[in-house]
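Peer 1: Relevant sequence annotations retrieved from TrEMBL are reproduced here:
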{"type": "DISULFID", "residues": "68-80", "note": "disulfide bond"}
{"type": "DISULFID", "residues": "73-87", "note": "disulfide bond"}
{"type": "DOMAIN", "residues": "58-101", "note": "domain 'Chitin-binding type-1'"}
{"type": "DOMAIN", "residues": "135-332", "note": "domain 'NodB homology'"}
{"type": "SIGNAL", "residues": "1-19", "note": "signal peptide"}
Ligand SMILES: [Zn+2]
């Protein structure tokens, strides 16, 4: 290769990489005859030029820049794109582009179902912050289901404990909870059959104080339909994401109209801040200190945690169960700790039974009985493959390339066997917007997710550029 060709190779690599990374320009190789050409650079033989994009194609988006081009999503850092990092809720900006939050569950809407305020427990706008039955402790888990939820259900079973799951319909890139091709619906069914309570944590985890009344309707009604698609009814209990339902936004009265109880908590484990083996002791200390402060005979507790965090599921919760049982507390659902009869926890959709029977073999009664698994059977020893699936097994949701079930990246990522379990494309290891208002961490997370995607862009741009330049140099 001549020196001249080497120089061209270098120049073209840099030029192409630059063109790929400067968002408002599309780099194109053109012949001189291309009449749309503007300026060009490089040797006379090879012309590289930048074509101005159509006026509506803006790479940046958000309050300052406006809406993304049709079909693309506006990330939390204000960039348009179509990757999961751009489109996943709650980070994706619903006012400035498409988001996965704009998807809807199947089946008829629930808005016409009557919503009487039954029972003695106060409804919105009142915010319930504690239990009322002495000696009870209500563990609540937000933001799931996630790939850890199966393990949590098994743990609760072992301790004969009931809990409440505030489920979110489509957060963290997990897809719709009622999607029959995803494992979430089965986990929700397991919650019901395990005696736990299901409550709403909205469709895509938006801050209910910061959106319009129409968007708030969407957040509640879509989650209702999704949960209805799984269990035939939808909850009367909910927890606002970020615990945010400010009076001036109209949120509280809106939730009253929709017939909800608002449930907050009196112990925040801060598990979302402490999701590492080194830090989780801090959450245990918070819990222990609170319980040491009172006597179980005349006290009750309402605990918040998140089943999207590994340390919460594989470490903190067992500690909390042990301590609370040793001190004489009874781990129950939120409804039970408020002495609210079970029939008040949900609103039934009579249309469901007919639709559900057509589609699936499940009915509410069926859910309370042991499941009859069809081929492939659920793995009993942790191995998986043609005849055994990891779905519903206690070894993890994903069947790795080594034909063993598990929840790690090596099981759920590359080589994962889709026929025999779940493969976690787009499902994060953890990572959620926070329930407590912790803007610093949320900001750090936003910055990190954008940085990650930029790195990928740089990598692929450089690689593409080098390959193209090599081809051109050889051709010369
Ligand atoms: Zn949450």
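Note: Cβ is positioned from N, Cα and C throughout, glycine not excepted.
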Peer 1: If you measure residue 87 (disulfide bond) to residue 80 (disulfide bond) at Cα, how many Å is it?
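Peer 2: Counting only the Cα atoms, the answer is 9 Å.
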Peer 1: Take the domain 'Chitin-binding type-1' (58-101) and average the pLDDT across it for me.
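Peer 2: Averaged over the domain 'Chitin-binding type-1' (58-101), per-residue pLDDT gives 94.
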Peer 1: By the count of other Cβ atoms within 10 Å, pick out the sparsest of the disulfide-bonded residues 73, 80.
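Peer 2: Relative to the other disulfide-bonded residues in 73, 80, 80 has the fewest Cβ atoms within 10 Å.
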Peer 1: Across all protein chains in the structure, which of the disulfide-bonded residues 68, 87 has the highest Cβ count within 10 Å?
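Peer 2: Of 68, 87, the one with the most crowded Cβ is 68.
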Peer 1: According to DSSP, which of helix, strand or coil covers residue 87 (disulfide bond)?
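Peer 2: Once the DSSP labels are grouped into three classes, residue 87 (disulfide bond) ends up as helix.
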Peer 1: Between residue 80 (disulfide bond) and residue 73 (disulfide bond), how far is it from one CA atom to the other, in Å?
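Peer 2: One finds 5 Å between the Cα atoms of these residues.
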Peer 1: What are the DSSP helix, strand and coil residue counts for the domain 'Chitin-binding type-1' (58-101)?
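Peer 2: Breakdown, helix to coil: 6 helix, 10 strand, 28 coil.
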